[in-house]
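Taken from TrEMBL, the feature transmembrane segment applies to 19-40, 52-78, 135-155, 184-202, 214-237, 257-275. According to TrEMBL, the feature domain 'Rhodopsin' maps to 36-280. Residues or ranges marked as region 'Disordered' in TrEMBL: 308-332.
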Amino acid sequence: MSTPISTPDLLAYDEGPTIIGLCAAMMPCSAVVVALRLWARRRMKMPLEWDDWLIVMSVSLLWSVAILGIAAVCYGGVGRHLNAVLAEDPAIFGRSMLCLFIGEYTYGTVLCTVKASVLLMYYRIFPTTGMKVGGYVLGGLTLAWWLAVVLVSTFQCTPIHKAWNSLMEGGKCLDTNKFFLGNSIPNIITDALILCLPVLEVSKLQVRRSQKVAIGGMFLLGGLVVVISCIRLKVVIDLSNAGADADFTQLIGPCWIWTNIEPTIAMLCASLPTMRPLMHFLFGRFIGGSSDGKNNVTGLVKIGGTGSNQSAKGKGQKSGRSFKRLDDNDSADEPVLWPEGYVNDQITIAERCLTLGSCDEDIPLDAIKVQRGITWTESRKM
């Protein structure tokens, strides 16, 4: 415990309103980010994928973290000096520790769901062997980290309820500060590895340099999460260095703040690459395409094309037998980024029979026959 204090300024010290304001602000921020992501999916007329559902789940988990942070201030004395809190109510410290105990589960789970969402998005838009293997490995590491957080949080004390009732006689607990360090360091490592995973694939994309910079920039914004995680780690280290006599309720305040900011920024960075219509509207031709999200991005949209420049005059050309060749790039549901060495050619042919004898026998009168041809090649440089 910290030494007794009686100075009026120290007794009046209270960072609680700041902590409450920042925790509360993260709730609408996360909701807006996910709403924009879902709007983008709807604008592109694309169904929700697993990565989208995980982000939606992450919002509710983040809200629970924010509510716990607010409760820790209102009922646990967080943001004030420990001796001032204990002088008012000796039981208040236990309530603070109970909020922290529950928060360890929600914080670990929300980060796990966001990371899983990012990896599933990589798997969907970078369909290469290297990305798939990397995604499986990092997904396994993330799951292992989450399981470790859950198990250690649950059994950090014997009996379990001693985790929030430190004044009870008997029992024992792990060093809380070392537990925080063991939680934060692997989290930062996995964040950095997930951030670096698509860099090589983006560098091999067959696109203009401006587009490559824009695409890489969206992914590298995830570096903000690593920076915030490092700031949170610094706060945890300060708490650890204070030792057993730490002014816990005062020092844990900044940790609650960064614990709420980190997953919010993570959700933003995880959602940016999916907000293609919004990016087109804001940045226009720099990332390719038009603001309505329907124009083809040359070399970027690899579903239905090799990524080479396609002549506009080749679209919609009709022959004497009511023949029309359609460019599949315009009808692609979702961009898939194929790096150099992967070529996927798709051609759709729609043929309508208007008069008897003008078309093949297997096409009924005034009916449409659709044929699709797919050519897939893969070349690897030795």
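Any Cβ shown, glycine's included, is placed from N, Cα and C.
Any TrEMBL annotation is an automated prediction that lacks curation.
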Model confidence over the domain 'Rhodopsin' (36-280), averaged pLDDT: 86
Criterion met for the transmembrane segment (52-78) and the transmembrane segment (257-275) (at least three Cβ pairs under 8 Å): yes
Selection from 19-40, 135-155, 257-275, the stretch that has most Cβ pairs under 8 A to the transmembrane segment (184-202): 135-155
